[in-house]
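Asks: Residues or ranges marked as transmembrane segment by TrEMBL: B:7-26, B:46-66, B:110-126, B:133-156. What TrEMBL records for B:12-157 is domain 'DUF1468'.
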Amino acid sequence: MIENFLAGSAALFGDPFTIGIFVFGVIGGMLFGAIPGVSMLTLAAILLPFTAALEPAQGVMLFAVIYCTGTYGGAITAILFNIPGSAENAPTAFDGYPMTQNGQSGKAVGAAVLCSAIGGIASSLIMMAATEPLANWAIRNIGPPEIFALVFFGLAVASSIGARTIWKGWMSVLIGLLIATVGQDPVGGINRYNFGMVDLAAGIAFVPAILGFFAVSEIFVQAEKKASGKYKAPKVSMTFPSWLELWMHKVAVLRSIIVGFLCGILPGIGATLAAFMSYGEAVRWSKTPEEFGKGKLEGVISAETANNAATGAAMIPLLALGLPGGALTAMMVAVFQMHDLQPGPLVFMLSPDLIWIVFAAMFYANLSILVIGLVETKTILNLLKIPFQFLAPLILMLATTGAYIGRGLVLDVIVMFLAGIFGYLLRRSGFSIPGIVLGLILGKIGEQNFAQGMQMVHYDLGTYFSRPICAFLIAAGVLTLATSLYRAFKSTKASA
Amino acid sequence: MGHLTRAHLLEALVFLLIVVAFYGFSFEFNQPIEIYRYGATAWPRVVIGCLLFATLGNIWFQYFNGSLSQGTIGSSNDEADLSDPKTIRRMTVVLLTPIVFAWLLKPVGIYFSAPFFIAAIIWLFGERRWKAIVIMTVFIYLLFIGLFLVILNAPLPQGNISPFYDFSAWILTMNAKLQGI
């Protein structure tokens, strides 16, 4: 492994052009992740056509680096503006944004920098050691029924997070699932809910929906506060967390690395579930769970360690099985295909050099977060000093461009603003925006794998329970839902 | 009526309308798929059924508890306060302005409409100093052009009606000349 890693490092740093691509990916990922309204996905979407001119290893490596640094960059906007760069940064905002409002933005961002780097580096090392054995295990044990069960479990967990009541948490996830049914059905390609519009046949694109639900709705919330005279400018602070404070959270960091890696490794899910689950586990294990959501450092640490720990793990299903874990890894499949390559077990045999350049680049990208992140953070914190009336149009313009350039459709801009209005109204009524987005992202994956799974087991649902991993995940999901339902009934009875 | 307010009833009505509309429209694609027994409607209808259950559960909870929070993880107790008609009027304009901007992108293009949109948002967010509005509009517009047109060469909507299309074409020609230098 060490020899392969050194060979990958030598290939990475032996060519000035490859170094240039690496540096561009590191800075671009961080910057686009940290600019409110755009994300690493925007940068990746812009760069995708240009990767055709690069070597396959350079193209895949660029996207892997953007994935690592962009996941960290998205935490900055989540903490400072309550605008997660992507869905995996959503739990970071739960405590990060209240910390900003309490004048502890520096502490939250500092923790995000350090924990993202720790989670990412640990994940890269495990990824290098375990990719091949885990890929072999996953090929034998993970099929469509397991992926469906995992989606079901992930949605069950997400429904209990972020909404004012459990009922509204469920409604949020279900609205996301319903939006995901727009477009062609994943089995027969039959158009659903497209109302005769050709552009809707491909469904609602993730990027405009995420931009609308998070970025645009946040602008509207701030506009309402301005209009009603309740707006409070966020307080800027440059105080980073001390080493002692971080040492006190060592268990949370370790737990989040494990949760993040295990969630990230499972195909079809990526870092989003990892961040949500890690945050949920932090609350479950805490002696003061009531403090979460009000500006607790452990919330930021858990979410950020886990989502970066998942980046390395998410490469395993991508490289070993050809299954993308999220939007960015899906774009990486496109990079492979542009070069007539197909990610999967054969890549390990046919292009080992490519694999090890990507692994080495991800390790160094996570290390860069630690070095560049701390320097960059102080500059980014100054964004808070810009009055919101000037920041809002900038965010909206960036979001408009980000929504448009993905597919070149004005419809996506309209969808983004409609999602913004819908998101604003739902947020102000106590619904969970991360729940909606998770439902939207996982809906199609869930349906596709359910259909494939049912065809596989000849429509015998009982077979699902004879598969141990599948049975365990479904049982855990049902238990989560049953516990929520029990709590919902109990709290209603107590009030009545 | 218990603790139910007009806002709760409106919320329930909207969700029930969504349920009814999506169920109704599901008959438009209710056709068999040869390779899949459950067809294209099974998944959406299960989701619709669950949404109906959750909506009824939500009404039932609100009947007994009103807007009380159950304190789920990461939830916010911050609720919209739209009791002031002036705030409602202003928020209506704030919500509609981006929709109008998006609707104008196809015929007018982003290069012409963006400065007006930027200025409108600055004004709607409470800035009343005309000098500040003009300076910041120009600054944001140039930043946007510099990043997406000059540096990234991103294809953006140019409009399809004269003279807006001509204006976009002029901007693109200027950019091409700049790239040539």
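Including glycine, each Cβ sits where the backbone N, Cα and C put it.
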Asks: By Cβ distance under 8 Å, which residues at least 6 away from the ends of the transmembrane segment (B:46-66) in the same chain are close to it?
Replies: 1-5, 8, 11-12, 15-16, 18-19, 22-23, 26
Asks: Give me the DSSP three-state residue breakdown of the domain 'DUF1468' (B:12-157), ordered helix, strand, coil.
Replies: 103 helix, 3 strand, 40 coil
Asks: Report, as numbers and ranges, which residues of the same chain sit near the transmembrane segment (B:110-126): CB under 8 Å and 6 or more residues beyond its ends.
Replies: 90, 93-94, 97-98, 101, 104, 132-134, 136-138, 140-141, 144-145, 156-159, 164, 167-168, 171
